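A quick write-up on the structure given underneath.
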Amino acid sequence: MENSFKAALKAGRPQIGLWLGLSSSYSAELLAGAGFDWLLIDGEHAPNNVQTVLTQLQAIAPYPSQPVVRPSWNDPVQIKQLLDVGTQTLLVPMVQNADEAREAVRATRYPPAGIRGVGSALARASRWNRIPDYLQKANDQMCVLVQIETREAMKNLPQILDVEGVDGVFIGPADLSADMGYAGNPQHPEVQAAIEQAIVQIREAGKAPGILIANEQLAKRYLELGALFVAVGVDTTLLARAAEALAARFGAQATAVKPGVY
């Protein structure tokens with residue numbers, strides 16, 4: 001039950017990831033063999049629930065890629081359910097301050113360190129109580145990544161970084177750029193300056209900085225600055241653009257849509 005993703009971050013080894021939004025265990029397994037260090041199962045913006053997260057965790061399990069799960073909100077009940085089906089690494093969205101970061105950490109810990117309910121007899125995480133001393137070992141293997149996506153969160157970053165149990169801080173470029181008045185343009189110089197400053201600040205505090213960016217040049221820049229978990233693409237985008245390119249080679253034209261951030 002060792003969390004190798006958490007161990008890699010602690011050791012300072014950069015981890016390259018891919019975002020999963022297709023909500024499919026079949027495509028999750030396909031991508032688990034592609035060579036990425038981690039795969040993000042998105043419960044915030046993709047149509048996932050606990051059951052679909054479970055099947056994707058099962059599909060990814062035989063492969064080296066490590067799953068990271070994003071719940072729809074910083075909700076202790078939802079987090080409890082995700083942990084029970086086997087999630088060890090969480091990316092908690094829209095964390096605004098230290099209190100909210102502390103709540104996220106407490107939701108992943110059994111008492112007295114936290115508030116996670118004990119249901120190990122029903123839980124895949126404990127292999128239905130077949131893992132010896134699961135209740136004693138589980139807390140140490142939880143990896144909590146909090147997501148900062150607003151100017152308010154950026155202002156509170158020093159206090160968030162002081163929260164014990166926060167392993168990493170993920171910068172959400174799409175929401176941050178929108179909050180800064182540059183919706184759809186995370187490459188705006190002011191947004192980029194804020195992102196770069198945050199990456200350096202997070203790393204200097206001994207935490208792991210993370211981000212999602214499909215621009216290869218920017219991804220490499222963030223890695224140079226010290227980012228440790230960087231998602232470099234999204235499965236839905238890869239599929240859509242590849243399909244459009246194939247159709248275009250035979251004279252077809254995709255339905256006109258406004259380009260997205262990723």
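A Cβ is built for glycine as well, from the same backbone N, Cα and C atoms used for every other residue.
According to Swiss-Prot, the residue from Gln136, Gln141, Gln147 that belongs to the substrate site alongside Ala174, Asp175 is Gln147.
Closest by Cα distance to Arg70 (site 'Transition state stabilizer'), from the binding-site residues Gln147, Glu149, Ala174, is Gln147. A distance of 5 Å separates the Cα atom of Glu149 (divalent metal cation binding site) from that of Asp175 (substrate binding site).
Once Cβ contacts within 10 Å are tallied over all protein chains shown, the recorded positions His45, Arg70 are led by Arg70.
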